[in-house]
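These notes concern the structure reproduced below.
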Amino acid sequence: MEAIFNRNKEEHPEPIKAEVQGMNTGMLLLFSGQLPTWLQGVLLRNGPGMHTIGDTKYNHWFDGLALLHSFTFKNGEVYYRSKYLRSDTYNCNIEANRIVVSEFGTMAYPDPCKNIFAKAFSYLSHTIPEFTDNCLINIMKTGDDYYATSETNFIRKIDPQTLETLEKVDYSKYVAVNLATSHPHYDSAGNILNMGTSIVDKGRTKYVLFKIPSSVPEKEKKKSCFKHLEVVCSIPSRSLLQPSYYHSFGITENYIVFIEQPFKLDIVKLATAYIRGVNWASCLSFHKEDKVFYLMLSNGTWFHFVERKTKKELSTKFYTDALVLYHHINAYEEDGHVVFDIVAYRDNSLYDMFYLKKLDKDFEENNKLTSIPTCKRFVVPLQYDK
């Protein structure tokens, strides 16, 4: 569908009527005011859009098939367009007319009509799962290219004008990561800085900070910028089989800020989730008892700082009590300190709120957050008395 929102040029404008073309929705959107003429360009957004396929339904709101949105601002008007991301996941599900690719909160199982050998193969292939390419969280810009992203090792290139789905990129072909954040940062040169988790690679589990260049040398124009991906630094996980979950990280002029929280992904549970009949989300757990009282303890919430110039982690360890974090707000340096703001929770009840069975008319009564979001500011001295 495509909607056109026209500005009203009167001094005291009436609400602007927005007509949705191509759909018999009976919906009328009302806006007041007008758009400034200097506002020009395209805003791309992403999110879950389809939760029912045939007779099957996803369990969680965050599992829905990705729906791309574009808002084109031009000469005081805004044009809307949306299109489903034609990922491999989307195509397989639509062709089968049922959910056949697992998502984080929904485990898909073989067709009951399959024979015992096909079922056995399905169980074995999920021991080390190949994650979905249903990239439904964010849009990332690399040079002149745009990619839909999620938290797996897959991203999908898209056409920003038509929203057509283009090639699929697998991070793991360029850097040893199984998961990656959907919220990268950009440096002053337009390079992308992102983080991913490398699970038990050569006997180690680590968090990998990597850089994707904004451009490639002229003589290698035909090559992908991902072939020039550079590992900036790696941080060993404090637990081999229970690395920290993270959705974002912070960046200042001189430092990368990474928070290793006691909200952890259990690798053994992940590898056995399919055969146990549970989803991957159940493999995440918050270790609220992991409070730090002594420096020798390995639990609690740990702050890691990587110096961008030297590409090395600061040797000094900073820590606080257990918390759950999804989003960083801001990070900067002031008077010899790194200052960073985060939205923190006392537990992981936020994710559980969005299971579709809870999103009903009694939502407010049945979903009392046991931990409300709290804005926390941490101020860490770069020069200190050891």
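Here the Cβ of each residue, glycine as well, is placed from N, Cα and C on the backbone.
TrEMBL entries are annotated by machine, without manual review.
Long-range Cβ contacts of H327 (Fe cation binding site) within its own chain (separation 6+, distance under 8 Å): H183, H247, S248, I342, V343. What TrEMBL lists as Fe cation binding site is H183, H247, H327.
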Say we define neighbours as other CB atoms within 10 Å of the CB. Which of the binding-site residues H183, H247 has the fewest? H247
Beyond the listed site residues H183, H247, H327, identify every same-chain residue whose Cβ lies within 8 Å of the center of their Cβ atoms for the Fe cation site. T181, S182, Y246, S248, Y326, H328
